[in-house]
Structures are given as C-alpha cells and as structure tokens.
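Undergrad: Supplied in structure tokens, the structure appears directly below.
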Amino acid sequence: NPFAGLVSHLRASWLSGKTRPMEYRVAQLKALGRFLDDKKQEILEATASDLGKAPFEAELSEILLCKNELHETLNNLSCWMKDEQVDRNLAMQLDSAFIRKDPYGVVLIIAPWNYPIHLFLVPLVGAIAAGNCVIVKPSEVSKKTEKLVAETLPGYLDKDCFAVVTGGVQETTRLLENKFDYIFFTDSSPPVGRIIMTAAAKHLTPVTLELGGKNPCYVSDTCDVTNVARRVAWGRFFNAGQTCIAPDYLLCTIEMQEKLLPALRKAIDDFYGPSPRESPDFGRIVSDKQFQRVQRLLGSGRVAIGGQTDEAERYIAPTVLVDVQPLDPVMQEEIFGPILPIIIITNMDEAIDFINSRERPLAVYAFSSDDKVVNQVLERTSSGGFCGNDTLMHVTLPSLPFGGIGNSGLGTHHGKFSFDTFSHHRGCLKRGMGWERLNAPRYPPYSQQKFGVIRATSKVTRKSDCTLL
C-alpha cells in the first residue's frame with residue numbers, strides 16, 4: 001500500500017506522546033492561524049479560480065469562520081483538556097473517578113470541494129486540539145486549492161505528525177485500506193458515505209459523516225415577505241448554491257408563492273444586478289460534470305426566475321422553479337447549485353408531513369412572524385440543525401454543534417464539539433491500596449448480609465418529587 005509507510009510514521013509519532021502536551025497542541029494551532037494569515041491572498045485566488053467565489057464570500061467562509069474556530073479552541077483548550085470529575089457513590093468516596101479526554105491516535109480527514117479550506121481546516125483544528133496525528137485529504141475537484149494546501153500547509157505543521165495526501169478516487173480507496181483510529185468525512189453523497197463506513201468497518205474505526213441533504217424551508221402565510229426573500233435568496237445562492245446547508249426547496253401556499261416571486265426577483269436583482277452573470281459576487285459551478293448535472297435539473301417544473309446557463313463559463317443563473325412536483329428530478333437529489341424549487345402546500349401541517357415523509361435533512365428552516373409556528377416546525381420535525389427566520393446563520397456559531405442525522409450524516413463538530421469528536425472519553429477510577437476491610441463485603445463467601453452492605457453503599461436512589469406548599 002503506497003500510504004502504509006506514512007500511516008506507520010504518524011502512528012509512531014503519536015505513540016511517542018509528542019502530540020499530547022497542551023503546549024504542543026497550542027503551537028500547532030497557532031501555526032494554522034499563520035497559514036491563514038500568510039496565505040490569505042492565495043486562498044482568495046484559488047477559490048476564485050475553482051468556484052468563481054467572490055472575495056467577500058471566500059474571506060467570510062474560508063478564513064473568518066476558520067479563525068473563529070481557532071480562537072474559540074485556543075481560548076478554551078486548557079479547560080477542555082482537564083479531567084472531568086464525576087459523582088461517586090458512598091462506597092467510592094475515598095477514590096478518584098474522572099473522565100479523561102484521550103486522543104484517538106492517527107486521524108484521517110477527507111474534505112470536499114465546495115468550501116475547500118473551511119471543510120478540512122475546521123475539523124483539523126479539533127483533531128489537533130484533541131492531540132491526534134492527522135492525514136488531510138483535500139478534494140481533487142477544487143484543483144487550485146488542493147495544490148495550494150498540498151504545497152504550503154506542510155510547511156506550517158510538524159511533518160512527523162501531520163501530512164497532506166492528494167489524488168482522486170483511486171488514491172482515496174488505497175488510503176482507506178490502512179487502519180486509522182478515526183475518520184472524518186464530508187461530502188454531499190450518502191452512497192459515498194456508505195463506502196467510507198464500509199472501509200472503516202474493516203478496522204472497527206469510528207467515523208463522523210457530514211453528508212448534506214435536501215433542506216426544506218417552510219414559509220408561513222404570516223411573515224415579512226421582503227425579509228424572507230432576501231434571507232432565502234442569500235442562503236440559496238451563496239457560493240452559487242454549492243452549500244450543504246443551503247435551503248434546498250421552499251414549502252408555501254399558492255398565495256404566499258405569488259407574494260414571494262416578485263420579492264425573490266427583487267432580492268436577486270438587488271444582490272447581483274440585472275445580469276448576475278456579470279456580477280463579481282456570484283460564483284460558478286465547480287466542474288463540467290457538476291454543471292451538466294445541475295443543468296439537467298432545470299427541466300423540472302417551470303422556470304419563474306432565471307434559468308440562463310453558459311456551459312463555457314459553468315454559469316447557471318440564480319433560478320426559481322414553480323409548478324414543481326414531489327417526484328420531479330429536482331426533488332430526488334440534493335441540488336447543490338443555484339436553483340430553488342417551490343412546492344405548494346395548503347398549510348403548516350401538510351408542510352410538516354411533507355418534511356417528515358422524506359429523509360432527515362442537514363437543516364430545517366422555518367419562517368413566520370408567529371413564534372408558535374416556528375416552534376411547531378422545530379418540535380415536529382427532525383434534522384441535523386434548525387434555523388428559524390433565517391438561513392445558514394446557525395453554522396457560524398462555534399457554540400452550536402454542527403452535524404447531520406440519518407441520511408444527512410453521523411456525529412457533530414465545531415468548537416468544543418470538534419474537540420469531543422476527536423477525543424476518546426476514557427472512564428477512569430483510581431483507588432488507594434489501603435482500606436481493604438471496606439472491600440470485604442464484595443468477596444466470597446457471599447451472604448445476604450454482605451449484599452445488604454453493598455446495596456446500601458452503591459445503589460442510586462431516585463430523587464422524590466418535592467411540592468412546596
């Protein structure tokens with residue numbers, strides 16, 4: 001196996017204990033910060049080349065949010081690393097019981113192409129903070145960014161403990177043949193997620209899967225239509241729609257659709273001008289293959305806004321589809337492009353039933369001026385995350401866990417959740433060598449009297465309800 005030597009080298013480094021001291025982890029995290037600072041312009045240029053990403057969008061999603069994760073981690077790492085003391089029963093009052101946060105060992109992070117810096121660097125922050133050695137596999141689809149990461153990132157990190165591997169499906173397949181202690185995989189494809197889990201199962205390796213999905217967005221009849229249109233259009237067309245948590249389709253009544261269409265048209269015009277193709281703030285589809293896939297989805301329903309394409313530029317205009325049916329092709333897969341279908345429902349209950357009849361998404365969005373409506377959608381649906389009266393913004397908070405459920409993924413990260421994901425929570429009990437008489441009741445020969453002592457000193461009793469009169 002071409003990667004066996006690399007994995008063995010990293011494992012030897014991890015077994016040496018090199019990554020365990022907090023000072024070492026902090027030094028490597030600070031080096032990641034220097035990478036972002038030093039290579040900022042190159043990151044902006046690479047993401048512009050790969051995705052037509054506007055500097056504003058790239059700096060926000062690829063640099064600022066990554067720095068927020070870094071600073072959150074550096075600010076709290078000493079606290080996160082501390083042993084967590086736990087409750088003890090009467091029999092253990094003289095002992096020490098705690099949870100230690102151990103690193104897993106050698107970790108593999110496989111990143112996607114749509115946010116090619118953010119989606120490897122944020123989990124990398126957690127993996128380093130937790131004390132692991134790491135191999136990073138950036139996506140080969142975002143070619144310029146892959147080249148930038150492969151050529152420059154190793155110059156900032158300890159080469160004995162961290163490495164970048166490049167290549168496509170063949171290289172990733174060979175990489176997965178090796179035994180890793182944890183695998184973190186991000187992609188919009190559940191079938192590929194199953195391949196990763198199958199490979200991990202051979203070594204009983206735990207995994208986190210971030211897989212995306214068709215995120216529903218319910219718009220009630222009571223809302224500020226202008227605000228809804230602007231927030232939905234921003235979330236749908238940010239990064240040309242190539243965002244795993246983008247609102248994938250709208251659910252609203254026919255009456256609300258009639259109000260939303262002109263508001264969406266105005267929002268698109270306000271954001272990108274009368275010709276989004278000429279806007280410096282609107283991106284492009286990442287590859288010819290992806291362009292052709294997204295373009296085929298334009299055949300569903302009827303184009304109400306946009307619909308223009310240019311294959312040479314891999315340009316697809318911000319598009320809204322109406323008269324879309326649940327069985328249309330655009331409703332059978334994650335769109336991952338600048339297309340927003342509208343599905344007509346008659347009321348909130350029907351919208352919730354529609355959401356619950358499909359695979360659980362990475363995010364659910366709900367808009368209403370009535371907080372009870374937003375809460376109803378929150379309480380009666382299941383998804384990786386939820387955002388009321390906005391889109392995307394929940395992912396910007398390091399204090400919130402980010403991850404999928406069911407078909408949209410497994411596990412969470414961001415902030416402390418990243419540290420916990422890449423840490424084995426090791427239950428520990430330390431007892432003294434003396435006081436052996438206290439252990440006598442557990443030893444044979446057994447008796448009911450001994451069991452009574454054991455029960456009295458170790459049982460957990462339920463707290464009684466207390467009513468204040």
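For all residues, glycine too, the Cβ spot is worked out from N, Cα and C.
Pulled these features from TrEMBL for this protein:
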type	residues	note
ACT_SITE	Glu210	active site
ACT_SITE	Cys244	active site
DOMAIN	19-424	domain 'Aldehyde dehydrogenase'
Undergrad: Mean pLDDT for the domain 'Aldehyde dehydrogenase' (19-424), as a whole number?
TA: 97
Undergrad: List the same-chain residues at least 6 positions away in sequence whose Cβ sits under 8 Å from the Cβ of Cys244 (active site), in sequence order, or say none.
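TA: In sequence order, Asn114, Thr186, Ser188, Glu210, Leu211, Gly212, Gly213, Glu334, Phe336, Leu362 meet the Cβ cut-off.
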Undergrad: Determine the Cβ neighbour count for Glu210 (active site): the number of other Cβ atoms within 10 Å of its Cβ.
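TA: Step by step: centre on the Cβ of Glu210 (active site), count other Cβ atoms within 10 Å, giving 27.
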